[in-house]
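According to TrEMBL, the protein carries these features:
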type	residues	note
ACT_SITE	A:GLU421	active site, proton acceptor
BINDING	A:THR139, A:GLY178	FAD binding site
DOMAIN	A:15-133	domain 'Acyl-coenzyme A oxidase N-terminal'
DOMAIN	A:136-245	domain 'Acyl-CoA oxidase/dehydrogenase middle'
DOMAIN	A:275-436	domain 'Acyl-CoA oxidase C-alpha1'
DOMAIN	A:479-657	domain 'Acyl-CoA oxidase C-terminal'
Protein chains: 2
Amino acid sequence: MNHDILKERQNATFDVEKLTNILDGGPEKTKRRREIESMVLSDPDFKEEDPNFLSRSERYEQAVRKSAQMILKLREYGIADPEEIICYKSCVHPGRPEPLDLHLGMFLPTLLNQATPEQMDRFFMPAWNLEIIGTYAQTEMGHGTHLRGLETTATYDPATQQFVLNSPTVSSIKWWPGGLGKTSNHAIVLAQLHTQGNCHGLHAFIVPIRDMNTHDPLPGIVVGDIGPKFGFSEVDNGFLKMDNVRIPRENMLMKYAKVEPDGTYVKPPSAKLTYGTMVFIRSMIVGESARALAKSTTIAIRYSAVRHQSEIRTGEPEPQILDYQTQQYKLFPLLATAYAFTFVGQYMNQTYHRITGDINQGNFSELPELHALSAGLKAFTTWTANAAIEVCRMSCGGHGYSRSSALPDIYVEFTPTCTYEGENTVMMLQTARYLVKSYRQAKAGQQLSGIVSYLNETEHRRIQAQPASARPTVVDINDLASLVEVYKLRAATLVDLAAKSIQQELQNRKSQEDAWNNSAIDLVRASDAHCHYVVVKLFTEKLGEIGDTAIHSVLSTLALLYTLHGITENSGDFLLAGLLNVPQILQISLRIKELLSQLRPNAVALVDAFDIHDKKLKSVLGRYDGNVYENMFEWARRSPLNSSEVHDSFHKYLKPLRSKL
Amino acid sequence: MNHDILKERQNATFDVEKLTNILDGGPEKTKRRREIESMVLSDPDFKEEDPNFLSRSERYEQAVRKSAQMILKLREYGIADPEEIICYKSCVHPGRPEPLDLHLGMFLPTLLNQATPEQMDRFFMPAWNLEIIGTYAQTEMGHGTHLRGLETTATYDPATQQFVLNSPTVSSIKWWPGGLGKTSNHAIVLAQLHTQGNCHGLHAFIVPIRDMNTHDPLPGIVVGDIGPKFGFSEVDNGFLKMDNVRIPRENMLMKYAKVEPDGTYVKPPSAKLTYGTMVFIRSMIVGESARALAKSTTIAIRYSAVRHQSEIRTGEPEPQILDYQTQQYKLFPLLATAYAFTFVGQYMNQTYHRITGDINQGNFSELPELHALSAGLKAFTTWTANAAIEVCRMSCGGHGYSRSSALPDIYVEFTPTCTYEGENTVMMLQTARYLVKSYRQAKAGQQLSGIVSYLNETEHRRIQAQPASARPTVVDINDLASLVEVYKLRAATLVDLAAKSIQQELQNRKSQEDAWNNSAIDLVRASDAHCHYVVVKLFTEKLGEIGDTAIHSVLSTLALLYTLHGITENSGDFLLAGLLNVPQILQISLRIKELLSQLRPNAVALVDAFDIHDKKLKSVLGRYDGNVYENMFEWARRSPLNSSEVHDSFHKYLKPLRSKL
């Protein structure tokens, strides 16, 4: 064990294990998580070569091998609880998506939700046993977020009782679905349903794409991998072009909507049911943001404790870089953010499950708010984490660029969350739509409940050119409750500004739609402020649940840092709204410096509490034992370019060059 | 040609070619650049496979092949002007560093600057003819920015008249030098010189590391590649461990410092001479920031003109995504930044050359300011561009993640600029040191000249809790000169705040060093504001040189957008300093929206003016003809994973799985 990092651990003021339990949701959960982790991490069948040393094709192959093993072992050990499966998978493919993700996460669940009993008989067990391997083909080359724009057609032919599927244009080629390129032999294809001369919009069809036995593409099918990407190298995101591909009528997923043998279309009873899945996935992504940040800060903070560089005081030994104020200012707010997002993720998960219960009993009342919240928080947390990973990486100096640090991989595997499952700007605008709607309801005298209830109060507030310092100042910058209030009022102010912008545009005779588009900047800002408020609020509320004094103390410091840092980063908003005055902003800057010093002795312990196993972290910089340099050297020597002392190119190009010059 | 992008070009209000000439520095320069480009881009010897389809080893080999060709052709065509060489190289290896970069850019120039005539005879011509291939080995595994911390030793042995080189620890292993891993047979090694029992600090030594004939590592040398990185896949960044490696005394670069045969050390006459190189390289990096941004905005804006998605008005066709206000707000300020940085890059280049003339005549007076400015601007522009590339990438939706977009590659090749040649935070603190020194001189009554002369005025200003709105408001938010003034005063305010923070710490009995460290956050902010002011100022000044009315008009709009956007992004600073009041901040938000609309018709023409050849851009999304989708499909089909219809892993793992489940 490196002596610096040992010393850091000795200086911690709280019990790391207890905090780990809080993060896991209880000591039993910690225990079970570790059991599952050790099942995988000690299993020789899951040994792997560092993917960074492999070609794309080798990476894909290694992932397929491990996924196949994983399926076998999950069955063997009888692990069936979804959370435990996710935990197991996250050890088999640490930090990386894999070729069967869509089969397990979309194909099977979609069958469960939308297949008829007859279809379940035909497809589910073969899919469960991996004879059928499926994916979910929605996105097209020219169409993503806007589903109505999808061009793929499924035209019903009553003569043969078949659907004829076509990709009528280049832009209609299915593009991006994971596992589509090489792995799957079936796809659930989303297509515009045409029957009896009418188009009935998007429906889902089960389309065989490869021969079950030979795995060759079937007639009319052009299928393949979409090529290398930023990350996701293990996954064969694919394309699918269909040319008069015929499938039996019974391959349309017909639990809800139907097409009768004669071509008569039967509408689904309700459209609200698919709503829930999106909310669930977006809520999950909030948790992923937290995990990506936890990993990144673990690496950056541990390395900053081990790394000595430059000098603070002349003549003294090089200090740990964690002693530099600028390094603390880079990393500790992100550490605080990792905690904040962890708790927000827990909240979203709990709320989702609570509301799902309500929904099953026919009570949809909380769904719109959760839907709006999950959209905004998905965007807010992924954008924040995305930028934060890079700050962590760059805080490690040159070594952050080495793949051995793991930070480049964390970034490229995480960054797609900003785009998939709803592009972030579009998500922010969805939340804004809910906020503006609520705002108008409040204006119209309706009493709002839930998280947006603060909009009831906006009537009394107004942006004015009034000097902030002239107002009564009641904010206590050391009191979280008081600061949550300030964030709330900031959100209220920005929602008000956005709504006024729309109003102004309408008064200038713009259409509703143009007024909306011409206010989009303000709307995104309002959503952002709303989400920021929610995060601050949930972090603060979480403190109320913490019994252990030492942990309560350090988490309170983190929460305060998170909150005050957010204010300095957005000080213009708070000044503009007259919520804080200039002396307070200056005071907050000083207070932040104090909080950084206060957190310094606990920094390593706070990342230790995330309890990310070295084999999951896969970072030489972030090793628990702090023995960075010898391991980096060892890693480098295993690099493929070092498999021979002299590279062929010397004999082929460099040496012959001499005689020509 | 895609009809959308054609229409965009028809709507432009200015002559694109004329603007290209301004960016190049004159029509002749445009002409010559294009000549060189077509020399390379039409040359079949430089044809290459898309590196994204190759393994690391294949990428390295392809790069070596092309570099060897390049050397031959440069000699053949007699291209010797450094700028023209850089242009030629940027076409041979578009956007990518290559294995001979350090040989050409550091090894040869260091010989020229620091070798004795005898050493020139022995090393220069062999190096010129690529018999000797060299690199520059400074950074060690545990030591980067802080040169005094380097551990490698060169101990003089008078008995044999040799230096004995050693890597005494793991952390002293040379790490990162480009071309060190596989390509070079020599290295200029920076090591602590020990002679006659004394250490005289860092000196440079020419160390043979591989056999000239067989290319095998020499005895006592352990050399290799440091393994895969985030980008730089063509370069064999390497490690070098030396164990009692002996070199003749004459291999120390002795133009300045010397070691006599008996071991007597002779000091160099002046230390200032190496100063210039750093300034030059950092100034160059400012230009690189501009180029990276030019590329990224070209791709994102062209694609946004071609891409249709969602709806603004119900029932109407999907609009170009460039019509969304949020998309404009993401991209147009970055477009403005690309122009701003281009002009700042030009200024830095000119200033460097002007001052170099002075230096050669013994006049060093402007060097400290340029040194401070180049450090800060290097950090300011690379941080900005780094984040901006990712905004551009994510503004392209899912396809921004595809390697075919080129955006992932632009990012990974560019991001190291934030760390190399001086880590950005350290750079900002260097600039801050100069600012604080100047501030103190001004306080002491000294009259400052040059860019920091505004610090003369700070005496009259002070941060106060005074309401901004209560002050006389003279700022015209449509007048660039007035806004430059505001940026200047913001910088002055933040320098003042940082200096006061140090003072406060000193009053609390902190040492100078601790006071500095405890004010580092404020110091970085001050430098940032200073650099921002310089950029705004230089952009505005550049407008004075533009004769063409149409171009002057559109560039003025860009400059205003850049300036106002910077204010909204940092509105807290301007409010806090009492430089702008709340109504002005709100007015600026509205004005920005108008500027976005105003720029919309010229957006594509403005990126066209960067005149980046499709073969240099290498992006299917950014193609000049806008034919994105068919080319993306074609690119994907060439991907290695599609070389066979059925991947081996199906037969090896997926099919056998069936019988086991």
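Each Cβ is built from the backbone N, Cα and C atoms, and glycine gets one as well.
Taking pairs at least six residues apart, the domain 'Acyl-CoA oxidase C-terminal' (A:479-657) and the domain 'Acyl-coenzyme A oxidase N-terminal' (A:15-133) share three or more Cβ pairs below 8 Å and count as touching. If you draw a 10 Å sphere around the CB of A:GLU421 (active site, proton acceptor), it holds 20 other CB atoms from the protein chains shown.
On the 0 to 100 pLDDT scale, the domain 'Acyl-coenzyme A oxidase N-terminal' (A:15-133) averages 96 in the predicted structure. Cα to Cα, A:THR139 (FAD binding site) and A:GLU421 (active site, proton acceptor) are separated by 11 Å.
Closeness to chain B is evaluated for the recorded positions A:THR139, A:GLY178, A:GLU421 by Cβ distance, with values under 8 Å counted; counted residues in sequence order are A:THR139. Across the domain 'Acyl-coenzyme A oxidase N-terminal' (A:15-133), DSSP helix (H, G, I), strand (E, B) and coil residues number 89 helix, 0 strand, 30 coil. Cβ contacts within 10 Å of A:GLY178 (FAD binding site), excluding its own Cβ and spanning all protein chains shown: 25. Across the domain 'Acyl-CoA oxidase/dehydrogenase middle' (A:136-245), DSSP classifies residues as 6 helix, 51 strand, 53 coil. In this structure the C-alpha atoms belonging to A:GLY178 (FAD binding site) and A:GLU421 (active site, proton acceptor) are separated by 13 Å. Annotation note: A:GLU421 (active site, proton acceptor) sits in a coil segment as assigned by DSSP. Packing around A:THR139 (FAD binding site) is summarised by its Cβ count: 20 other Cβ atoms lie within 10 angstroms of its Cβ, all protein chains included.
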